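These notes concern the structure reproduced below.
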Amino acid sequence: MALQRTHSLLLLLLLTLLGLGLVQPSYGQDGMYQRFLRQHVHPEETGGSDRYCNLMMQRRKMTLYHCKRFNTFIHEDIWNIRSICSTTNIQCKNGKMNCHEGVVKVTDCRDTGSSRAPNCRYRAMASTRRVVIACEGNPQVPVHFDG
């Protein structure tokens with residue numbers, strides 16, 4: 001009887017801890033969130049060079065079958081990026097009203113057009129600028145880089 005009670009208490013404790021933790025987005029949004037992280041988030045401030053873009057675009061699997069023409073890496077902590085989702089909603093390029101804007105440090109990587117996948121070559125441009133991201137879920141998380 002005591003063992004069963006201990007197991008019940010442990011299960012209750014586990015469920016309580018899970019409940020106190022961050023609420024995870026739904027599976028569909030989680031996949032989009034993970035893709036956003038892979039394609040756009042690099043908290044270290046090591047961007048800015050062509051070499052950086054060439055390496056990161058390859059590491060993040062954006063050059064496997066074709067050279068992605070343009071990509072932006074955000075050099076901010078994920079919590080700073082997620083906080084953008086709590087700003088006022090604005091209209092996205094696709095017409096939806098789930099976009100938000102904020103100012104962050106970025107490296108923009110633009111395909112030079114002189115190479116072929118998987119050995120794509122990029123030009124880098126580092127700056128601090130306004131970005132627009134689409135957010136979904138509860139809590140809201142970034143799922144798409146809109147500009």
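Backbone N, Cα and C atoms are what each Cβ position is placed from, and that goes for glycine too.
Database features, via Swiss-Prot:
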ACT_SITE  His40  active site, proton acceptor
ACT_SITE  His144  active site, proton donor
BINDING   Arg35, His40, Lys68, Asn71, Thr72, Phe145  dUMP binding site
DISULFID  Cys53-Cys109  disulfide bond
DISULFID  Cys67-Cys120  disulfide bond
DISULFID  Cys85-Cys135  disulfide bond
DISULFID  Cys92-Cys99  disulfide bond
MOD_RES   Gln29  pyrrolidone carboxylic acid
SIGNAL    1-28  signal peptide
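Features recorded in Swiss-Prot, as mapped to the structure shown.
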residue : record                       : CB count, 10 Å
Gln29   : pyrrolidone carboxylic acid  : 18
Arg35   : dUMP binding site            : 12
His40   : active site, proton acceptor : 19
Cys67   : disulfide bond               : 20
Lys68   : dUMP binding site            : 19
Asn71   : dUMP binding site            : 19
Cys85   : disulfide bond               : 21
Cys109  : disulfide bond               : 24
Cys120  : disulfide bond               : 23
His144  : active site, proton donor    : 21
Open item on the list: So if I measure Cβ to Cβ from Cys92 (disulfide bond) and keep only same-chain residues at least 6 apart in sequence, which ones fall under 8 Å?
Closed with: Asn98, Cys99, Val132, Ala134, His144, Asp146
TODO: Just give me the nearest neighbour of Asn71 (dUMP binding site) among the disulfide-bonded residues Cys53, Cys85, Cys109, Cα to Cα.
DONE: Cys109
Open item on the list: Neighbours of the dUMP site Arg35, His40, Lys68, Asn71, Thr72, Phe145: Cβ within 8 Å of the Cβ centroid, same chain, sequence order.
Closed with: Phe36, Gln39, Met62, Phe73
Task: Cβ-Cβ neighbours of Phe145 (dUMP binding site) (radius 10 Å) - done: 18
Open item on the list: Rounded to a whole angstrom, what is the C-alpha distance between Cys135 (disulfide bond) and Lys68 (dUMP binding site)?
Closed with: 22
Task: Rounded Cα separation (Å) that holds between Thr72 (dUMP binding site) and Cys85 (disulfide bond) - done: 18
Task: Binding residues Arg35, His40, Lys68, Asn71, Thr72, Phe145 (dUMP) - maximum C-alpha distance in whole Å - done: 15
Open item on the list: Are there recorded positions among Arg35, His40, Lys68, Phe145 that sit within 10 Å of Cys109 (disulfide bond), Cα to Cα? If so, list them; otherwise say none.
Closed with: Lys68
